[in-house]
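Visitor: Pasting in a structure now, in structure tokens, and then I'll have a few things to ask.
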Amino acid sequence: MQILLANPRGFCAGVDRAISIVENALAIYGAPIYVRHEVVHNRYVVDSLRERGAIFIEQISEVPDGAILIFSAHGVSQAVRNEAKSRDLTVFDATCPLVTKVHMEVARASRRGEESILIGHAGHPEVEGTMGQYSNPEGGMYLVESPDDVWKLTVKNEEKLSFMTQTTLSVDDTSDVIDALRKRFPKIVGPRKDDICYATTNRQEAVRALAEQAEVVLVVGSKNSSNSNRLAELAQRMGKRAFLIDDATDIQEEWVKEAKCVGVTAGASAPDILVQNVVARLQQLGGGEAIPLEGREENIVFEVPKELRVDIREVD
């Protein structure tokens, strides 16, 4: 059995930054550190940080006065931000800068009283945070997930209308929704630069290349990870058997025992150690040396807040 590795795969710059913020805060301030929502959607990462003293909460009311609070990489609404400001808390923001970019687009539309449409998945924390940047009652903020949603949508003023997208969507699906928006509302204005982030786009491109060669595709990522789910869906659409797994223990031998080529990739919130463990398990099942495919090089780095820029070795 041949093992192929998608490239790029795994951690993106926003996830790296968010995890570093929690790790550095723990090193500097000590446990406990409170984090609103899972800092990134990966069980291994969250469990590791929890063992070191991070406490993951959903409501600001769960955080005691005087504590350290970190917002997750997915971002928060203005209401959550204001609630935290009203408390005696030290707050650090791990929102991915590419999510913050979308927040700024929504806030700008809100200030102008222009209606905005967000393409995204209802209930996802990034969507809740982005929708929560809009506050102008003279305008309006709407969520759509599919072309059908677009055709059912009515707005107050089609002349002043903009759209944004969640950063972790399927590129192909989003293109279909944008096409519907432009047909339904010919004067709608989109972002100057695509809101779907570079890491989402690159990983979907990489899994497409992987699925062209592999019979079975294993996507390392947690079930609540939007970008990881999109990778598995894309491979399935290409006619391949694709499975979303948290780690190597999820692999079922019957998935791969007849396969001549198995592809492995990882969502943007999955650490490489999990990929290494998956490769090791596949090798136990008869796989050869893992061969990385060529792909786009990623060298983007997002800095942590200056108060947390410290070499953890100096703190230990």
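Here the Cβ of each residue, glycine as well, is placed from N, Cα and C on the backbone.
Annotations for this protein, taken from Swiss-Prot, read as follows:
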- CYS12, CYS96, CYS197: [4Fe-4S] cluster binding site (BINDING)
- HIS41, HIS74, HIS124, SER225, SER226, ASN227, SER269: isopentenyl diphosphate binding site (BINDING)
- HIS41, HIS74, HIS124, SER225, SER226, ASN227, SER269: dimethylallyl diphosphate binding site (BINDING)
- HIS41, HIS74, HIS124, THR167, SER225, SER226, ASN227, SER269: (2E)-4-hydroxy-3-methylbut-2-enyl diphosphate binding site (BINDING)
- GLU126: active site, proton donor (ACT_SITE)
Visitor: Just counting, how many other CB atoms are there within 10 A of the CB of CYS12 ([4Fe-4S] cluster binding site)?
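Guide: A count of 28.
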Visitor: Checking the contact step here: among the binding-site residues HIS41, HIS74, ASN227, which have a Cα within 10 Å of the Cα of CYS96 ([4Fe-4S] cluster binding site)?
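Guide: Close binding-site residues: HIS74.
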Visitor: Relative to the Cβ of the residue listed as 'active site, proton donor', which residues of the same chain, six or more apart in sequence, are found under 8 Å away?
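Guide: Within the chain, the residue listed as 'active site, proton donor' has Cβ neighbours under 8 Å at HIS74, GLY75, VAL99, GLY120, GLN166, THR167, THR168, SER226.
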Visitor: Pick out which of the binding-site residues THR167, SER225, SER269 has the most other Cβ atoms within 10 Å of its own Cβ.
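Guide: Selected residue: SER269.
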Visitor: Hey, for the (2E)-4-hydroxy-3-methylbut-2-enyl diphosphate site built from HIS41, HIS74, HIS124, THR167, SER225, SER226, ASN227, SER269, who else sits with CB inside 8 A of the CB center?
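Guide: Residues close to the (2E)-4-hydroxy-3-methylbut-2-enyl diphosphate site, other than HIS41, HIS74, HIS124, THR167, SER225, SER226, ASN227, SER269: VAL40, GLU126, THR168, ASN224, SER228, GLY267, ALA268.
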Visitor: Cβ within 8 Å of the [4Fe-4S] cluster site centroid (CYS12, CYS96, CYS197 excluded): which residues?
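Guide: Near the [4Fe-4S] cluster site, the remaining chain residues are ALA13, GLY14, VAL15, ALA73, PRO97, LEU98, VAL99, THR167, THR168, TYR198, ALA199, THR200, ALA268.
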Visitor: Near CYS197 ([4Fe-4S] cluster binding site), which residues of its chain come within a Cβ-Cβ distance under 8 Å, counting only those 6 or more away in sequence?
Guide: CYS12, GLY14, CYS96, LEU98, THR167, THR168
Visitor: Once near-sequence residues are set aside, which residues in the chain of HIS41 (isopentenyl diphosphate binding site), 6 or more away, have Cβ atoms under 8 Å from its Cβ?
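Guide: The answer is HIS74, GLY221, SER222, ASN224, SER225, SER226, SER228, SER269.
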Visitor: With an 8 Å cut-off on Cβ-Cβ distance and a minimum sequence separation of at least 6, pull the same-chain contacts of HIS124 (isopentenyl diphosphate binding site), or say none.
Guide: HIS74, GLN166, SER226
Visitor: Which whole number of Å gives the largest C-alpha distance between any two of HIS41, HIS74, HIS124, SER225, SER226, ASN227, SER269, the residues noted as binding isopentenyl diphosphate?
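Guide: Between the outermost Cα atoms of HIS41, HIS74, HIS124, SER225, SER226, ASN227, SER269, the distance is 15 Å.
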Visitor: For SER226 (isopentenyl diphosphate binding site), what is the tally of other C-beta atoms lying within 10 angstroms of its C-beta?
Guide: 24
Visitor: For ASN227 (isopentenyl diphosphate binding site), just count the other CB atoms lying within 10 A of its CB, please.
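Guide: By my count, 26.
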